[in-house]
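Undergrad: Here's a structure for you.
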Amino acid sequence: MASFGLTLYSFVYIGLLFCGFCLAGDPFANFELDFSYITASPLGVPQQVIAVNGKFPGPTLNVTTNYNVVVNVNNRLDESLLVTWPGIEMRRTSWQDGVLGTNCPIPAKWNWTYQFQVKDQIGSYYYAPSINFQRASGGFGGFIITNRKVISLPFNTPDGDIVITIGDWYTRNHKELRASLDAGKELGMPDGVLINGKGPFQYNSSVPDGIEHETLNVDPGKTYRIRVVNVGISTCLNFRIQSHNLILAETEGHYTSQQNYSSLDIHVGQSYSFLVTMDQNGTSDYYVVASARFVNQSEWNQVTGVAILHYSNSKSRAAGTLPDPPNDSNDNSFAVNQAMSIRMNVTASGARPNPQGSFRYGSINVTDVYVLKSVPPVMINGKKRATFNGISFVNPETPVRLADNYKVKGSYKLDFPNMPLDRPPTMDRSLINATYKAFVEIVLENNDTVVQSFHMDGYSFFVVGMAYGEWTENSRGSYNRWDAIARSTTQVFPGGWTAILVYLDNVGAWNLRAVNLDRWYLGQETYMRIINPEDDGQKTEMPPPGNVLFCGALAHFQKPQRISTSDALRIEGLLKLKSKILVVFVVVIYMMI
């Protein structure tokens, strides 16, 4: 009987391949990602890293707007894994978001297939593990969504596209770092900064021999789109290329007004696209630098990533001192002003033909206000924890919307306070009970001692205000209500605040978190639960996928894996197809068996 089932599946799948021309809809992009351990020496010290398809960093995934993306993830690690896709909005399907509040983890030696559509999105993103502190050991790679050909770019088509990952790095692996946090210790200063998974070029005697560095090969006179993503743990990095201007063109899916920068601060989890023209003397190489910001520069001098920009006609190595970072140690307004100088290109088309500025966010009345306050980690029940509004989040054993669908009681609470409360900090499963299609203002107050990145899954939001000091209602007078940049990750400076506006039109359970990996791991997160009470036909939220994993109170529903979940998902897709031609084809094949 089992043999019959597999034979039928094979014929049906072949039928789908041959009959694909008769199916309407957007194209599919299929990827296979194997997560495994390998030994690498990015800073000259052999250590265990997480590779994807045997590579560190993992491969870049390239798709086009509106593509259906199918990613089969094979977990070859010795512990559970989840992969998340920051900035990918997962319209109507938070089931694919890849965080513990929405997905059960993929057990070791299992696989699971993500399937989602990059509906109405373009831009530069990345993927990474979301649990067990695994991002500190790798498992990340770029995720690029290109424009459809019918939608023109707001700049001339570049001569090439270069993806760069940057990030702080420890020679201790994620398990050791995780154990340090569990023991209540700080991680301490990282051991270096990697560029595309490689250590620094030997720009002076402080860099030891034997470290492999990254080389970016370019041709003189050409213009490249250079996409830079900070996939690190907790360090803001200043990115710059010696003697070259960076024309900012896009950030996290939205085209920006094109401004020149000599360098730009890229906070943890943020991504940017720069247009860089190779207009310098190409007889020698140039430095590409990512150096730590908002730290003691004399102590952190060794934490600098250096790659090489190599012109095809270059005759000599880069030499001399590195290009200088911003000289603003006595001017804390510089970083805020630079951040707020990043503006939306309101006349450009994004993923759709209408201008990005056609959504008049500045004229919409705010319906709900949330103030999320962070403070330095505190002790709760003998454990060191991080908090928002005095609550350190504990992930539910049963993911939020899965618990809703199966009517599991007590999995979480809908009582997250919309303002900081004067009470002792607690550990809890408290969620924000958000209103579908509300237009909300979220004020992020950072009373911690370090600069933080804040991310919201499922959405892009408008960064309308940012400053040092205490936020008050009068602060709204400084908001940018016309061309504020829309993005999914923003910085919040210590002793300061950042205000964002967002329209809650995407049903699901969406993670709000500190991207700083130590703070996230220690509980500085929550979720917005957004449901449409009038949706009785599943038009605003898809049902749980057929390959959904079960855990917690629903663990008894989980069956052992016998065939790959990617095959199971294809079978499910076949069964749901409504094309009469395909149905007839399947019936004929069935009768032939």
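In case you wondered, yes, glycine gets a Cβ from its N, Cα and C as well.
Annotations in TrEMBL come from automatic prediction, not curation.
Annotations for this protein, taken from TrEMBL, read as follows:
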- 36-149: domain 'Plastocyanin-like' (DOMAIN)
- 161-314: domain 'Plastocyanin-like' (DOMAIN)
- 398-535: domain 'Plastocyanin-like' (DOMAIN)
- 1-24: signal peptide (SIGNAL)
Undergrad: Can you break down the domain 'Plastocyanin-like' (36-149) into helix, strand and coil residue counts using DSSP?
TA: 7 helix, 49 strand, 58 coil
Undergrad: Mind tallying the domain 'Plastocyanin-like' (398-535) by DSSP state, helix then strand then coil?
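TA: Across the domain 'Plastocyanin-like' (398-535), the residues distribute as 17 helix, 59 strand, 62 coil.
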Undergrad: Roughly where does the domain 'Plastocyanin-like' (161-314) sit in mean pLDDT, to the nearest integer?
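TA: The average pLDDT of the model in the domain 'Plastocyanin-like' (161-314) works out to 96.
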